[in-house]
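Here's a structure for you.
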Amino acid sequence: MTTQALPIGMIGLEIRRLARNKRTLIFTLVMPAAFFLLFGSSAEYRTTRVGEGNLTGYILVSMAVYGAMLAATSGGAMVSIERAAGWSRQLRLTPLTPAAYIAIKIIVAMIVGAIAVVAVNVVGAFSGAELPIGAWIGCALLAWVCSLVFAAFGLFMGYLLPSENVMQILGPALAVLSFAGGLFVPADQLGSTFATISKFTPVYGVGELARYPLTHAGDVWLAVLNVLAWTALFAAGAMWRFRRDTARV
Amino acid sequence: MTLTASLETTAAVHLDGVVKRYGTVTAVDSIDLRIRPGEVVALLGPNGAGKTTTVDMLLGLTRPDAGTVTIHGLSPRDAVARGRISAVMQTGGLLKDYTVEETVRLTAVLFGKPRSAVKAALERAGIADIGDRLVGKCSGGQQQRLRFAMALLPDPDLLILDEPTTGMDVGGRREFWDAIRQDAADGRTVIFATHYLEEADAYADRIVLVRRGRIVADGTAAEVKALAAGRTVRATLPGADRIDWAAVPGVESSEVRGDTVHLHGRDSDTIARHLLTETEARDLEITSRNLEDAFLTLTAEDPA
């Protein structure tokens, strides 16, 4: 057999296709950076200290999480468009296994996620964000790795929603989840009830973990539990829909 | 090796008692079919006859509820994975934001074929000149030829075409079939589902007529026509009105107009032989009704 279990050559082609989609680019690369400049780079924020860095750095990490989240979700949600176009069915006429297809989708989602994290951080570096170098790398890596939960979320939604414009639903949904998870505004500023609810929403864990290298604050284990629980839940959901889908097609 | 064993190994397609149900609807109702390598077979039938379900089972996209499907002795999924069988589907199956060349390149990557195979497939499908065009900007005919290029890539033994010319204009249809014909001439087995009678008549060596999930006729275009409507043998024979035509072997109905007799029957050879050896008949003419008549007769709903 000349075919590979995981066709690496497919990844480059997929990235090339994604790069052609202007909406995806604006969504995942431009918007988080713009939000950072808008909400995080004021003179007041630059002088407010957070841990060993400044508040601008803190917002930078949050926006990196947001960017990675959007990228990973839209990467995963690509399955929706591909199912609607009959592409998944076409792929079933090739040696590509359904599991390898999902693996490719996740890898592509994570690559775009990495680009999104890098983009926000580069903008941040030139706009007054201050973090110790170790914390900077740690935050960026955690923001990226934790966005895996949203790759699973995107896949699940991609299988659940048959819409061609699935990101038009998921974009606002992610914004709401980001507010609920304290990514845009710290949850405890919005009252104690809200802060409690916040801990159970999917963005909370990712945000807390990604900011930990900078803040060294918050309950790390609760955040880890949050990320693991939501990843498991979304992955199980995606698996469930995926099985139904391949049984039918 | 026994004869049956050799048939078993050489059959391009073997369907054995295949049944597929969707809820209470039986889409395919016990189909037995054997197709030899190199045959060009039309799967002809009205919409909802079970053609697409049959095609899906050949490709392993749907599993039969009963019976077995083998492609060159392999399960459909194995045959697909090894590139022994490929298909041009009716619609969809393409992504708008890939270029033509990228789409074929991706297929090549999945089949582990080299870059050179991409160029060859594009050329064979006649779309090498539009390789850089986005799929979303291609016409229906161009997209269909792209699907054809993708199907050619694994160099399959068996090519399945599901309603391949739907939505093409006459010119596009012709070019498409020319490409397929040329391809089949090299020995590739081709099965195509269609509800265009002319296509089945013009391009298939063999027609399998399906109705309500069953095969109702199977043979060459001429045989299928004869099956439904029989043939008419016309001859000039003075004194034809004095003969009891109903007693002549093979004759199912007759009509005498002056010195001309029209005899209808499925076995036109026997009728002709009788006319030529037992009577003074001359100017014999044997005609079959067209495929459309056969199609309508064989696929008509039961009066029940």
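Including glycine, each Cβ sits where the backbone N, Cα and C put it.
Annotations per TrEMBL:
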- A:23-245: domain 'ABC transmembrane type-2' (DOMAIN)
- A:25-43: transmembrane segment (TRANSMEM)
- A:55-81: transmembrane segment (TRANSMEM)
- A:102-127: transmembrane segment (TRANSMEM)
- A:133-157: transmembrane segment (TRANSMEM)
- A:169-187: transmembrane segment (TRANSMEM)
- A:220-240: transmembrane segment (TRANSMEM)
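Structural setting of the listed features?
Counting same-chain residues at least six beyond the ends of the transmembrane segment (A:25-43), those with a Cβ under 8 angstroms from any Cβ of the stretch are 19, 55-56, 58-60, 62-64, 66-67, 70-71, 74, 112, 115-116, 119-120, 123-124, 127-129, 167, 171, 184.
Below 8 angstroms of C-beta separation, residues 76, 102, 146, 148-149, 152-153, 155-156, 158-160, 199-200, 202, 204-206, 208-209, 212 of the same chain, each at least six residues beyond the ends of the transmembrane segment (A:220-240), sit close to that stretch.
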Which sequence positions outside the transmembrane segment (A:169-187), separated from its termini by at least 6 residues, show Cβ-Cβ distances below 8 Å to it?
27, 39, 62, 65-66, 69-70, 73-74, 77, 150, 154, 157, 161, 163, 194-195, 197-199, 201-208
